Amino acid sequence: MSKKTNEMSQILSQEKLASDVYSMWLRTEEIAKEASPGQFVSVYSRDGSRVLPRPISICEVSEDKRSLRLVYRVVGKGTEEFSMLKAGDRLSILGPLGNGFPLERAAGKRVFLMGGGIGIPPMVETAKALDGDKHIIAGYRDELFLQEELKRYGRVYTATEDGSAGTPGNVLDAMMANGLTKEEGREPEIIFACGPAPMLRAIKAYAQEMEIECWISMEERMACGVGACLACVCQSKEIDEHSKVHNKRVCKDGPVFLSTEVEL
Amino acid sequence: MSKKTNEMSQILSQEKLASDVYSMWLRTEEIAKEASPGQFVSVYSRDGSRVLPRPISICEVSEDKRSLRLVYRVVGKGTEEFSMLKAGDRLSILGPLGNGFPLERAAGKRVFLMGGGIGIPPMVETAKALDGDKHIIAGYRDELFLQEELKRYGRVYTATEDGSAGTPGNVLDAMMANGLTKEEGREPEIIFACGPAPMLRAIKAYAQEMEIECWISMEERMACGVGACLACVCQSKEIDEHSKVHNKRVCKDGPVFLSTEVEL
Amino acid sequence: MINTKVSLAGVELKNPVMTASGTFGSGVEYSELIDLNRLGAVVTKGVASTPWTGNPTPRIAETYGGMINAIGLQNPGMKVFCERDLPFLEKFDTKVIVNVCGKTKEEYCRVVDRLSDENIDMLEINISCPNVKEGGIAFGQDPFAVEEITAAVKKYARQPVIMKLSPNVADITEMARAAECGGADVLSLINTLTGMKIDINKRTFAVANRTGGLSGPCVKPVAVRMVYQVANTVKLPIIGMGGIATAEDALEFILAGATAVSVGTANFFNPRATLDVIEGIESYMQKNKIQDIQELIGVVK
Amino acid sequence: MINTKVSLAGVELKNPVMTASGTFGSGVEYSELIDLNRLGAVVTKGVASTPWTGNPTPRIAETYGGMINAIGLQNPGMKVFCERDLPFLEKFDTKVIVNVCGKTKEEYCRVVDRLSDENIDMLEINISCPNVKEGGIAFGQDPFAVEEITAAVKKYARQPVIMKLSPNVADITEMARAAECGGADVLSLINTLTGMKIDINKRTFAVANRTGGLSGPCVKPVAVRMVYQVANTVKLPIIGMGGIATAEDALEFILAGATAVSVGTANFFNPRATLDVIEGIESYMQKNKIQDIQELIGVVK
Ligand SMILES: Cc1cc2nc3c(=O)[nH]c(=O)nc-3n(C[C@H](O)[C@H](O)[C@H](O)COP(=O)(O)OP(=O)(O)OC[C@H]3O[C@@H](n4cnc5c(N)ncnc54)[C@H](O)[C@@H]3O)c2cc1C
Ligand SMILES: Cc1cc2nc3c(=O)[nH]c(=O)nc-3n(C[C@H](O)[C@H](O)[C@H](O)COP(=O)(O)OP(=O)(O)OC[C@H]3O[C@@H](n4cnc5c(N)ncnc54)[C@H](O)[C@@H]3O)c2cc1C
Ligand SMILES: Cc1cc2nc3c(=O)[nH]c(=O)nc-3n(C[C@H](O)[C@H](O)[C@H](O)COP(=O)(O)O)c2cc1C
Ligand SMILES: Cc1cc2nc3c(=O)[nH]c(=O)nc-3n(C[C@H](O)[C@H](O)[C@H](O)COP(=O)(O)O)c2cc1C
Ligand code: FES
Ligand code: FES
């Protein structure tokens, strides 16, 4: 298990990738070193009126493991604040948190990385870390981002809701349109997915039907980020080993779960 | 009466004058134009956890009346925040507030400007605005600041509590030590004073004894800064015309009062 | 054209946004900073039968996301108020609501009686001030007292009566019901929560009165909860307040069941707060294609 | 050498700083981030007789300077707690206080009875959770119920009993006196204030349970006031909490009369908050030449 640290990181760069999507590289002492793909960090606001951390997935770790990249969408006050920070500013973060994707399960398999919207960023580091035959399906609302990074580490298929690029529709549509099907012998042997709940629900159903091993990264509002407060639970199919009830903690037991383990 | 405006001012410069004393020049649209000596501004914190304004006296107004200077001591969270701002940063301020010193009362008189500690800054603009025979008595704890500015506009006599410069002791000690007395025919004909309560109390007593007209600038915690909330009252000797009780509003009826009008 | 007009016991406001008593004086001072004609109503500082000196200073202290105050209802008394402050307010195209305080039931009635003859749109009865020894909160924490004082002032009032409730109770709905039984026309809530701050360096109380009333953004969740509870208990229209600084805040109260809202402490850190709220409500309605603000009141159930 | 040791009903803590129930799990998770040996005590999440599922999500929402939570006392039940979580805590040189919840008086007693056999220093009885329908706050708002349940659990407890009071009352001293009469050894306050947040875009409640408990820096003035009132009413030692994030905050509570303090929500924005508070209290004592923390407890009167 990776060692968690609360650090005052330093912002190395801040860049706008799309209308409301930003990318930030942060210099850390410990966190980048410990991080693995699919894990996230808690980012603390610098404004005293906001007391809860913002969980943001680790998009990339630099080769020297001294810095990490966060790619995030401005959706509220916290992310708006982050977007206004500049190189040189400092930012308190806690991490790495959560379990991350079980890369070892993908060994030798045709792995599909499916990211939707702001669920795309963790797929960059995941693709980077995986060897072998990687298919990356990226679903966007309209504007594209992180395409170059993704293309560096695998074959990329794109879907957009407004049809402005790639396949019109969602990630499953893009799979079908590109012949990534059982009929063609090109279906996934294992899926790693991250994105909005409706997308995850559809992927879970598809995987269940096709009997494909599928790992999904869940989202829930968080307070502690380390498994102590029980704010961020999702419902589990079976009684959970730790909680003794039908609840799993997204921050600690997840965010990545086997799709059959959890209710969506 | 000066028109009040709430503006997003821009910081032109930030400078450290002494261990915990800072000086900030701000570009304003309206406030500097309207300001007169002894008035103050409400400075709003940028951190949402701090909801009350910090009243800071106007230390100087630039010749073109487009910017104003605030000199302040870091004593708590708000002033600490201000001290970390840099040129280019923006800061919301409301002003000019309060009445200011009644300069017209000093016409043709030997005027004494007496400032103690962080009560010294407003004396710069006051000295600048007054013609004639000006004596500036500045009392410090230890480190000096704003001496050059003061010297530009009048004769400066200095006192320090630790005796490291000028007369050891307070502003009254400096007066006596420099022969600014009735015996020498050099006593004040009118006093404008700003500083900590014990200093003002001593000056008030001195002025009363010597029957000298004396105006003092008072401090009290403020919320609205414009006379609406009745947070900042001081006790008045007579029933106040506006409040109908023995209270005057420091932010609106003051901060400058005739020393005989108010209890200290 | 979107409609932001709301009606409180027959009094029509051009928009639901008013000032919170005690934070806006009687309007004179803030009229230098904002156009009072744009407000739904101005609610004045509490008025008693005679001038009140209020509490010693320090009267306020900043707290995290808010402040405590113990002004102690300083006011010039009803005579000066009627002769000086009311004529000023009458010049504006906004409704005038006068906040009333008193030390005894008789004093409340005396003030209401005097104000009844004036050109005032509504009276707000403050039975919830935590900063005075007599009157105030002593009435606001006991349902029998709430009902009794409501019935008493109603006898003298020619304007609709707003009863202002205290949040320092275990069950706000009990107080709301009591005010309704007493004949209140409108309820306003919340007044301040009793709080304390200690100056650890001076080792003394940060406000001279020891305790003070907590207000500002920090109290909003308590206020929204109480407005929601009261809106789902009584039939009276509600004026919601407690921490409103933005249109988003105001909309929380409206969705929870408030017909109108007051902006208090926010005036101190943003003198334009009332106008920002008014404009923000309009944009929200436009964005969400809401024609009439009635469509929003109390829809979150 | 300065002394920060305090004693609560005969249990000696190396310093007055503990964790607030529900914000620190049973210590396992935060032990990766801070050294539990440094804490005065660890207070665990509420434990019931059987596993509780808790409330649906979203269970929390951020508010201005604080948060609301409606976890609903999810817990694995006393059996798993005793077999798995207690042995973990026993490894540390810190006092262990177990928070107890229940739906009925009998359930509280059952849990206390079971825990009495364990190596636990104190039991904290949560009669003030606003997020569960039965039990919890239903007990905490009625002085007769407070006294009754205190007396009941005291019969089963072999450890000193801390009664945890709710701030959602008109008069906290009444509840404190009731707990004292029932035989409580220590009082802890405050639990959370009932609050609500509305999501104006989704036009629904921000937490699934509609209402939640407000905690964090925003509530501190209410908490300090209540601690002060209770300290000046009953003779029992008090554990103060509500918004403590810094040593300055903790010292306000101590000066107001708290013998010990708990850090809750602050752990979420500063995992080192407890340690910062401990270190800050020591520096304050050093700076002010205070030998023994006893010299600070309740000195602001
Ligand atoms: C494990 C995990 C990984 C994530 N990774 C990313 C990422 O890489 N890039 C990215 O843009 N977003 C990511 N998110 C979503 C991100 O956390 C939210 O968009 C962000 O917290 C919003 O904060 P705000 O202050 O701008 O919004 P506000 O709506 O003002 O936030 C209010 C509160 O709600 C919480 N909140 C709001 N939306 C979410 C959400 N979707 N999930 C969890 N909490 C939420 C906030 O943390 C805060 O406490 C992730 C969420 C989780 C749980
Ligand atoms: C009319 C007037 C003019 C002033 N001019 C200057 C000046 O030119 N330079 C300068 O350094 N200081 C001046 N002060 C004092 C200055 O307002 C305080 O030092 C400052 O508000 C402290 O804020 P803080 O957040 O750093 O301290 P904190 O102690 O954290 O402040 C907490 C609260 O108390 C208020 N407060 C604290 N000290 C004072 C005080 N002495 N007077 C009024 N309110 C206070 C703050 O505004 C804030 O609301 C003036 C005060 C007044 C009333
Ligand atoms: C400085 C101050 C003075 C107040 N005076 C009064 C008053 O005279 N009468 C009254 O009913 N409420 C008074 N209040 C309470 C406010 O009207 C309002 O109910 C409360 O502050 C909550 O709203 P807010 O958080 O928007 O300020 C006062 C509040 C403050 C901050
Ligand atoms: C997420 C969360 C869970 C809580 N769970 C419990 C609990 O199980 N038992 C209890 O007595 N109090 C519980 N509380 C209340 C805290 O122990 C504490 O009384 C309150 O939060 C005030 O302190 P704070 O502002 O420092 O958080 C909980 C609080 C939070 C925020
Ligand atoms: S956020 Fe606290 S348990 Fe997950
Ligand atoms: S600060 Fe409001 S009246 Fe002076």
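Residue positions begin at 1 at the first shown residue.
Every residue, even glycine, has its Cβ placed from backbone N, Cα and C.
Residues or ranges marked as domain 'Dihydroorotate dehydrogenase catalytic' by TrEMBL: C:5-285.
If you look up TrEMBL, you'll see C:SER21, C:LYS45, C:GLY46, C:ASN99, C:ASN126, C:LYS164, C:ILE190, C:GLY216, C:GLY242, C:GLY243, C:GLY264, C:THR265 marked as FMN binding site. Over all protein chains present, the Cβ of C:ASN126 (FMN binding site) has 30 other Cβ atoms lying within 10 Å.
The annotation substrate binding site is assigned in TrEMBL to C:LYS45, C:ASN69, C:ALA70, C:ILE71, C:GLY72, C:LEU73, C:ASN126, C:ASN191, C:THR192. Under the three-state DSSP scheme, C:THR192 (substrate binding site) falls in the coil class.
As annotated by TrEMBL, active site, nucleophile applies to C:CYS129.
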Under 8 Å, Cβ to Cβ, against chain B: pull out the ones among the binding-site residues C:SER21, C:GLY46, C:ALA70, C:ILE190, C:GLY242, C:GLY264 that qualify, in sequence order. none
Of all C-alpha pairs drawn from the substrate-binding set C:LYS45, C:ASN69, C:ALA70, C:ILE71, C:GLY72, C:LEU73, C:ASN126, C:ASN191, C:THR192, the farthest apart lie at a distance in Å of 16
Taking Cβ distances under 8 Å as the criterion, give the subset of the recorded positions C:GLY46, C:ASN126, C:CYS129, C:GLY242, C:GLY264 near chain A, ordered by sequence. none
On a simple 10 Å Cβ count over all chains shown, which one of the binding-site residues C:GLY46, C:GLY72, C:GLY242, C:GLY264 is most densely packed? C:GLY242
Taking the Cβ of C:THR192 (substrate binding site) as the centre, how many other Cβ atoms fall within a 10 Å radius? 30
If I take the alpha carbons of C:SER21 (FMN binding site) and C:LYS45 (substrate binding site), what is the distance between them in whole Å? 5
Closest of the binding-site residues to C:ASN126 (FMN binding site), Cα to Cα, picking from C:LYS45, C:ALA70, C:GLY72? C:LYS45
Residues C:SER21, C:LYS45, C:GLY46, C:ASN99, C:ASN126, C:LYS164, C:ILE190, C:GLY216, C:GLY242, C:GLY243, C:GLY264, C:THR265 [recorded FMN binders]: greatest CA to CA distance in Å: 19
Just checking the binding-site residues C:LYS45, C:GLY72, C:GLY242, C:GLY264: which sit within 10 A of C:CYS129 (active site, nucleophile), CA to CA? C:GLY72
